[in-house]
Amino acid sequence: MSNYVIQADQQLLDALRAHYQDALSDRLPAGALFAVKRPDVVITAYRSGKVLFQGKAAEQEAGKWMVKRGADPGKRQERETASPPLEHRLEKLSAIGSDEVGTGDYFGPIVVAAAYVDRSHIAKIAALGVKDSKQLTDEAIHKIAPAIMETAPYAVTVLDNAEYNRWQRSGMPQTKMKALLHNRTLAKLVDAIAPIEPEAIIIDQFLERGSYFRCLADETRIVSDRVHCLPKAESVHVAVAAASIIARYVFLEEMERLSRTVGLLLPKGAGAIVDEAAARIIRERGAEALETCAKLHFANTKKALDIAKHR
């Protein structure tokens with residue numbers, strides 16, 4: 001049996017774990033961080049940074065991550081890292097990206113969007129001016145989002161305020177809400193583009209990957225193949241930036257709809273102007289009107305009640 005040993009830094013260890021996630025083993029030898037078991041190769045990563053490849057495909061698998069030093073391929077070998085950072089390997093792939101909007105806004109829903117960008121369309125989508133939606137004005141969002149939606153397959157899930165408040169009262173933290181919404185949105189898009197399979201699925205990170213999947217333990221369907229949870233993912237792949245823009249576009253549309261319903265232009269965010277708007281709704285429509293347009297557990301609710309009471 002062929003054995004190959006490579007030395008890995010933390011970045012490479014993370015990349016290895018993500019790449020072989022579907023074959024991770026629960027049985028770990030002493031000193032191991034993780035182990036991978038496939039029919040043709042067993043890979044063991046140790047706390048020391050050593051990674052051992054064993055089996056018929058050991059040379060092939062190790063070669064994906066390292067540059068040969070010219071040693072006898074039949075012997076245990078050391079290799080130098082040549083693998084670029086994970087982010088650089090992902091940016092040119094055909095990928096699904098997902099992002100959410102509305103989690104920090106008192107008024108309005110949470111919107112999760114996912115977009116699929118084929119590698120042949122990356123330049124075209126980027127040329128539309130796609131970047132993190134937080135860097136774009138509302139006017140720019142209304143201009144760019146429809147162009148993205150005409151070009152890239154996408155899926156959207158909206159958690160309205162009434163449902164959000166029910167979930168929150170049941171004890172569900174917002175991080176789990178987001179995990180459920182991302183998973184369901186990804187499932188819709190994966191189905192929509194089938195039989196095409198994305199080479200990667202990139203979630204703008206709000207939880208570490210393990211914590212994200214623990215939130216999905218009770219789901220009947222979990223999208224897990226090739227899923228990466230990465231910070232600032234909108235700068236990793238244009239698909240995430242596209243999803244961010246679509247999510248914000250839908251959020252803005254929902255905010256306009258809610259504003260018409262309550263007869264008041266609802267402000268974004270959770271600052272003092274939001275307290276005043278909520279207090280006005282309470283005075284004009286009653287506190288119960290907030291149930292369908294606001295996230296009631298935010299501190300803004302108490303502040304608005306105090307304002308409405310003393311005016």
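Glycine residues also receive a Cβ, built from the backbone N, Cα and C atoms like all the rest.
According to Swiss-Prot, the protein has these features:
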type	residues	note
BINDING	ASP99, GLU100, ASP204	divalent metal cation binding site
DOMAIN	93-310	domain 'RNase H type-2'
Checklist outcome for this item: Excluding its own, the Cβ atoms lying within 10 Å of the Cβ of ASP204 (divalent metal cation binding site) add up to 23
Checklist entry - Within 8 Å of the centroid of the Cβ atoms of ASP99, GLU100, ASP204, which other residues of that chain place their own Cβ, given that this set defines the recorded divalent metal cation site? => result SER98, VAL101, VAL112, ALA113, HIS182, ILE203, PHE206, ALA233, GLU234, VAL240, ALA243, SER244, ALA247
Item to check | DSSP-derived class (H/G/I helix, E/B strand, else coil) of ASP204 (divalent metal cation binding site) | outcome: strand
